[in-house]
Amino acid sequence: MSKLPTLLLLLLCLSSFTSGEIKKLKIRSDNRPMILFERFGFTHTGQASISVSSVSVISSLATPDPSGLGFFLLSEESLIQVLIELQQNPNFCVLESNYIQRLFTFRELSPPPNSSFDRAYPVTSPNEYSLFFANCAPESKVSMDVGTELYNLDGGVKDYLSAGLTQLPTLYFLFSLVYFGFLAIWVLVCLKNRISVHRIHGLMALLVVMKALNLLFAAEDKHYVKVTGTAHGWDVLFYIFQSMRVVLLFTVIVLIGTGWSFLKPFLQDREKKVLMIVIPLQVLANVASVVIGETGPFIKDWVTWNQVFLIVDIVCCCAIIFPIVWSIRSLRETSKTDGKAARNLAKLTLFRQFYIVVIGYLYFTRIVVFALRTISAYKYQWVAYSAEEIVSLAFYIVMFYMFRPVERNEYFVLDDEEEEAAALALQDEEFEL
């Protein structure tokens, strides 16, 4: 039991607020001392419904005490006290703590062969709680079928979304409408400047389509979970379009960073290698995302999948920066020989700005959003999701504006009167990364 404090803290750090979907789980020969099922924000009308059946406990020692196995709710405020208790006494059973809300132990199971239990518990104190199963019996393995329902009653109607996430269906739907409008504007811009349209602009349009559909299906997914407790298949469409959107986003950033189609019609070998690294890694990251989202912390490899997702995402974020840096360096070298200082200065300025925008976007969506979700009160978790979508929309707008198909944009600025000033500016250290 000495590993319990570390295990408990790691699970709660990696886990995020979830919808209280109606879940049916199978636990087989599991010897973990603690199993986290999910986290949920309850209002004053919250309910936690738990059912277990086909329960069996196998121990290599004496017959385990059934009161040492059971389910409980743990609030974030009580986490520190429980960790202190576990550190002070490694053999302490968390089910005996005064800081938890114990739901039931195996002592309350119906007698064999049924060995089942089914009951709903009102949550009298509104808060964010984590639902755990604790096994304080040493050298024992537990098998059981578990059903969970966590929800809040809103006017007598069950709401299966956490208190801080119940606004997500509306939020995602509104942003999907914004992106559809953005797509219409982009199409008009391309039609108006069709002479300057390149293949990259078609990919950018496709990216907006994927983003809009991804948000639309996310809204439907969350709506059905909120109302019925199950996604009714919308989660499949959500994950499909999320995967396509993320892969396409990284691909577009890499291709823009290389100058493909508008500066040069081909990719160099090293640029192709970046794509060959980023795309498969993003596919792996999306697989990890599906496993994380559709299973939960109760599976044994859940922490490992989280680590895979984080590592792969970091590698991809670093990889997409290289083509932009290569383009900046290439433009600096070219400017010394081709005698077109003004044009090169404009290109260099644009790529440097794009570099800053990409870095800012990655920093905010990977670090700031995580910090917001961590520090925000459970009732205001939707704020972090709103911030993420607002920043993503701002990134799309800036990127599309910078590389829009305009006949006389920054790439084609040719002003002989500014050649001398541009040549001096190209030697300025401010263009160093």
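Cβ coordinates come from backbone N, Cα and C, glycine included.
Taken from TrEMBL as is:
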SIGNAL    1-20  signal peptide
DOMAIN    23-152  domain 'CAND6/7 N-terminal'
DOMAIN    169-409  domain 'GOST seven transmembrane'
TRANSMEM  171-191  transmembrane segment
TRANSMEM  203-219  transmembrane segment
TRANSMEM  239-262  transmembrane segment
TRANSMEM  274-293  transmembrane segment
TRANSMEM  305-326  transmembrane segment
TRANSMEM  354-376  transmembrane segment
TRANSMEM  382-403  transmembrane segment
- When you scan the chain for residues with a C-beta under 8 Å from the transmembrane segment (203-219), skipping those not six or more beyond its ends, what do you find? 168-173, 175-176, 179-180, 182-183, 186-187, 190, 234, 237-238, 241-242, 244-245, 248-249, 251-252, 255, 389, 392, 396, 399-400, 403
- Task: Tally the residues of the domain 'CAND6/7 N-terminal' (23-152) by DSSP class, grouping H, G and I as helix, E and B as strand, and everything else as coil.
- Result: 22 helix, 72 strand, 36 coil
- Message: Across the domain 'CAND6/7 N-terminal' (23-152), what does the mean pLDDT come to, as a whole number?
- Response: 88
